[in-house]
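Worksheet: the structure to be examined is printed underneath.
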Amino acid sequence: MSGSQTLVVKLGTSVLTGGSRRLNRAHIVELVRQCAQQHAKGHRIVIVTFGAIAAGREHLGYPELPATIASKQLLAAVGQSRLIQLWEQLFSIYGIHIGQMLLTRADLEDRERFLNARDTMNALLDNRIVPVINENDAVATAEIKVGDNDNLSALAAILASADKLLLLTDQAGLYTADPRNNPEAELIREVHGIDDVLRGMAGDSVSGLGTGGMATKLQAADVACRAGIDVVIAAGSQVGVIADVIDGTPVGTRFHSLETPLENRKRWIFGAPPAGEITVDDGAVFAIMERGSSLLPKGIRSVKGDFSRGEVIRIRNLNGRDLAHGVSRYNSDALRMLAGHHSQQISEILGYEYGPVAVHRDDMIVS
């Protein structure tokens, strides 16, 4: 593909360590070399790196990964500076400056903070600086749980208005079955839409060092593809993998983006981590899915979590299936009071009103 491209490369702990308990510096050196090669050709490279906990564990000599959040945050605090120092040293060999962006998912929940992060990303890229994005594991808690690494990578790709997102992992891509247990498993080369059948094929990482599995990579691919970003899942050990993705050479599993991507605001809605969730009845499901309607309080059965007006929430049916993400017009306490009631009763129940709908269709993305 001709012309400059923006590529986000996500490097999980299993890739950075090679499955061991220590950072695999030789492997990291090779990945930096590949990134520098593409940077020299005029492409814009963004690194999303994890492994702060692994780096801290190596430095302090912890034989086992601790179970408590506080202990993991201790390791992250020690390892974060060592990890970014390593990236800086390696990129400086090629005369490339890096800029660290420490994020938590909370930084992306708020629309204004999201835009500020996007402006910072663009400023770095415009000045030929490679953004190196880390989770702020030393202060965050949700980020240490399974799945956030891959989903944060998709959000980083949205921030960068990337052309492609490369998720490097310890497998060659998405298989029809777990290749570790099934010798007949086949690599899926092309994906044009993520459905339940595809999700059923996803297995989990067994490295014990990272927090992401193949299922969460599918979630990240879904978010990025809806935003108009192609996604490739490939092995971090694949020779020349970064050049292959830039050039369009078949490698790993490629997820094709939507031909009509979401507009910028809806990219944020779909990508933002939900602050809570609501369960709706079958009537509301029909109205949302078949009629393209807004969600009214009458259709709400239950509310989970504590969230404010204007935050993104998840909408689910009675079976727990995700239907949509949307911006709530009311806070969680208000929606609990309004659940099952007609819109005409809102003022009577609350003493105020922000309109007749709980989530407006214009502020909703159907899954």
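Cβ from N, Cα, C; glycine included.
According to Swiss-Prot, the feature ATP binding site maps to LYS10, THR169, ASP170, THR211, GLY212, GLY213, MET214, ALA215, THR216, LYS217, an assignment based on sequence analysis. Annotated substrate binding site per Swiss-Prot: ASP137, ASN149, in sequence order. Positions annotated as domain 'PUA' by Swiss-Prot, on the basis of sequence analysis: 275-353.
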Study note, to complete from the structure: For the domain 'PUA' (275-353), the DSSP residue counts stand at 26 helix, 22 strand, 31 coil
Check your understanding: When you measure from the Cβ of ASP170 (ATP binding site), how many other Cβ atoms are you left with inside 10 Å?
Key -> 20
Review point. According to DSSP, which of helix, strand or coil covers ASP170 (ATP binding site)?
Key: coil
Review point. Of ASN149, THR216, the binding-site residues given in the record, which has the fewest other CB atoms within 10 A of its CB?
Key: THR216
Check your understanding: What's the CA to CA span in angstrom from LYS10 (ATP binding site) over to ASN149 (substrate binding site)?
Key -> 9
Review point. By the DSSP assignment reduced to helix, strand and coil, which category contains ASN149 (substrate binding site)?
Key: helix
**Study point:** Length of the line joining the Cα atoms of ASN149 (substrate binding site) and ASP170 (ATP binding site), in Å
**Key:** 15
Point to revise | Overall pLDDT for the domain 'PUA' (275-353), taken as the rounded mean | key: 95
Practice item. Please work out which residue of LYS10, MET214 has the most C-beta neighbours within 10 angstroms of its C-beta, and give that one of the binding-site residues. Key: LYS10
Point to revise | DSSP three-state assignment for THR216 (ATP binding site) | key: helix
